[in-house]
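Below you'll find the structure, written out as structure tokens, and then a few comments.
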């Protein structure tokens with residue numbers, strides 16, 4: 001049986017999985033079968049490490065020589081200086097004593113900083129966002145390197161082999177203490193400007209691969225989405241839509257645009273903006289930005305949804321003609337597309353003046369690509385966050401209003417006293433989906449839309465035009481194509497919807513909790529694998545069944561939405 005190198009209770013240094021960083025740990029036990037040591041970090045984290053990942057404390061003792069305290073450039077400069085003393089220069093002996101005291105201060109300062117820097121903020125995400133967990137690719141900086149904390153601005157050359165501030169073992173509840181500690185450390189370094197320190201270098205040119213096929217791909221998407229939107233709506237209006245009747249007859253150009261429709265759409269957006277600004281709901285902080293700040297968001301989407309439903313219900317009660325939306329549905333879709341395009345132009349112009357710290361990790365420096373993907377991460381007018389507002393308000397709530405209009409149009413055109421069972425199923429399923437998104441509004445703050453992608457044409461068109469006018473295709477189709485659904489078939493469709501919803505909601509809740517705080521004790525039962533940046537990927541729970549359970553739930557629900565249409 002192999003002998004043990006380290007005894008229980010011995011204090012050593014253990015390598016953090018997936019990195020080259022060593023932290024002080026205590027040996028708890030040793031498994032003779034797997035030859036793994038169970039170690040405990042200072043913050044209470046327990047991990048199993050191989051013997052090769054553990055080293056004694058003596059391996060990390062600082063060197064006694066102070067010769068490396070000066071950078072090579074400074075040493076070269078000292079040789080080239082004249083040996084003559086200026087009148088104001090002190091005698092050599094005093095200079096030597098001053099130099100000695102300076103070296104002593106330097107060593108003391110290093111020791112003081114090192115003792116603190118071994119556990120700086122880590123469990124909170126780096127850069128503008130956390131990386132995509134659960135099988136999604138890790139995010140890197142523009143020079144292709146993993147994101148680093150702003151605390152990593154200074155490095156001491158001697159201790160580079162084991163001192164780094166990229167990661168930490170501190171749990172999230174100690175972040176406030178950490179911020180105070182880090183501010184004190186910055187003061188220590190700022191008062192020692194004479195110490196030769198290596199500052200962070202400017203980022204190199206971007207080398208990462210662009211999504212959507214790069215510039216040609218995004219050009220094709222931007223040029224193709226508006227015609228595709230019109231094509232889908234025109235086909236949904238045909239008596240027998242299908243490949244045999246493709247392409248559908250195109251309307252006259254003058255029938256595609258109506259200024260009054262555009263004005264109604266703008267009023268709708270302004271109404272949602274007014275509801276967004278109401279002082280209702282709690283205020284929460286988003287994920288940390290590159291400079292360490294956390295933006296504040298007011299969670300009142302569900303209140304805005306309820307107030308909108310009350311306003312629409314009152315309009316129906318007082319006899320408002322909501323059929324106008326159905327009869328001008330294509331014009332409303334084009335009005336939304338035009339509004340999204342105008343908003344994208346505004347965002348591109350203002351992003352050209354945005355500081356580097358405000359740019360999105362997904363931006364590339366290419367004008368065309370950044371116009372599509374978005375250059376600025378969090379464009380705001382005062383406290384009004386444009387991207388956060390468009391994500392859930394005009395499009396998502398508008399989707400429910402469109403579905404209600406289609407239900408009323410079905411009753412009117414088909415001369416029904418009550419809506420069909422198929423229309424009721426579609427409206428109910430999609431109402432639940434929207435209500436769930438607004439009820440769990442805070443979960444949006446950890447998604448890649450908020451933390452990684454900028455705000456450009458992709459999100460503007462998707463949120464304002466695609467969601468309300470394409471996601472409502474089932475209800476739009478049923479207006480002109482009635483379909484009778486039996487109760488047994490309806491029961492099966494409801495069961496499929498509930499199955500998809502349970503998977504969707506549970507998986508997203510687990511993902512959101514893990515992204516917010518991977519060290520949450522409630523998630524301690526989940527298994528993870530480390531990555532090269534020190535973060536972890538879930539490989540158990542819902543992610544132990546399938547790589548993307550949240551998408552699986554989405555697909556099952558989308559199928560349940562479509563089955564009532566036949």
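Residue numbering: from 1, along the chain as shown.
From the backbone N, Cα and C atoms, a Cβ is placed for every residue, glycine too.
Note: TrEMBL annotation is automatic and uncurated.
A quick note: this is a predicted structure, and the numbers were derived from the prediction, not measured.
Given the ranges 177-196, 197-216, 217-236, the record in TrEMBL names 217-236 as transmembrane segment.
TrEMBL lists transmembrane segment for one of the ranges 405-429, 430-454, 455-479, namely 455-479. Among the ranges 485-504, 505-524, 525-544, the one that TrEMBL lists as transmembrane segment is 485-504. The transmembrane segment (256-278) shares more Cβ pairs under 8 Å with 326-349 than with any other stretch in the list 217-236, 299-320, 326-349, 455-479.
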